[in-house]
Amino acid sequence: MKKGKMIIISGPSGVGKGSVNGELLQNPDLRLKYSVSMTTRKPRNGEINGVNYFFVSNEEFAKAIVNDELIEYAHFVGNSYGTPRKYVEQELKKGNNVILEIEVDGATQVLNKEANVLSIFLMPPNLTELANRIRGRQTEDEEKIKARLDKALLEIPLKHNYQYVIENDNVANAVAKITDVLHLEGLTDIKTPTVYERLEQIVEQIVKEKYMYFVNNWETNVKLLAKNEEEKNKAKNFDAETYLIKLLTKKVYHKVLGHGDFSKLLDKDFVDFKIQKLMFKINFFSVEQKHYNNDEF
């Protein structure tokens, strides 16, 4: 049986991790299990021990750290949070994927220690909306809300440490994005093509219809500019059409994950508009696109 994977869904407090995960867990094709965290904070109204959290004392939490019973842990606003190791490892062996709904500090620990991980950072649409969501819970005073917002300002720049950055503008849109990411990563039982694969077909159509002149010139340019044997070999084997299609597909996909209506990725006019802007950023005189992973691309 293929081993499951730890799926980190992290982001600042109030971004909506719980709401998104609750919807994801309803889909049996995702093979998801929820890792119940351990915490020293008091239960909120409606929270159940062993379901929402394992509520423990400070002494019990400290003992779990000493005994290496936690995959990660963090301390914040006078409380401690951690992920019990035993349950996660049991579910992974069964072939299930385990959601770790954790704060950014804990996610950083897991990313530094564990290899079998898929990491997703949930972004709020803006800081005003984040503040509204935290206040909407009506569980904390203004001092604690301010502390959470201050921490969010430090956490959001760390989003680049994650494999995927996904905006939670509304739960349905965020769930659709994460579902496709899990499908793309081969972690589901879904049989239909991914949105990414269907997007790639649309991009291929657009490139063939509108950009083959640039493709052909690109291949010619890199051959003419090759200065040494290594560059000449790269130029000789350079398939500009395939490279451009994959490059544009990845950039359009990730841009919409980060902001936008996910269903638009199957709208040819929308994709065409995105590609028009991206084409200005490509260096048609080099095989290497040094700014490829840059947000400015």
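Positions of Cβ are set from backbone N, Cα and C atoms, glycine also.
Going by Swiss-Prot, these are the annotated features:
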DOMAIN    4-183  domain 'Guanylate kinase-like'
BINDING   Gly11, Pro12, Ser13, Gly14, Val15, Gly16, Lys17, Gly18  ATP binding site
REGION    204-297  region 'Unknown'
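One way to see the shell of the ATP site is to take the Cβ centroid of Gly11, Pro12, Ser13, Gly14, Val15, Gly16, Lys17, Gly18; the remaining same-chain residues with a Cβ within 8 Å of it are Leu122, Pro124, Leu130, Arg133, Asn168. Spatially close to Pro12 (ATP binding site) yet at least six residues away along the chain are Val104, Pro124, Leu130, Arg148, Lys151, Ala152, Glu155, Ile156, judged by Cβ distances under 8 angstroms. For Gly18 (ATP binding site), the count of additional Cβ atoms within 10 Å of its Cβ stands at 11 [all protein chains shown]. Taking Cβ-Cβ distances under 8 Å and a sequence gap of 6 or more within the same chain, the neighbours of Gly11 (ATP binding site) are Lys17, Val104, Phe121, Leu122, Met123, Pro124, Glu155, Asn168. The 10 Å shell around the Cβ of Lys17 (ATP binding site) contains 21 further Cβ atoms across the protein chains shown.
Long-range Cβ neighbours of Ser13 (ATP binding site) (same chain, at least 6 residues apart, Cβ-Cβ under 8 Å): Glu103, Ile134, Arg148, Lys151, Ala152. Other Cβ atoms within 10 Å of the Cβ of Gly16 (ATP binding site) number 19 in total over all chains. Taken residue by residue, the region 'Unknown' (204-297) breaks down under DSSP into 65 helix, 0 strand, 29 coil.
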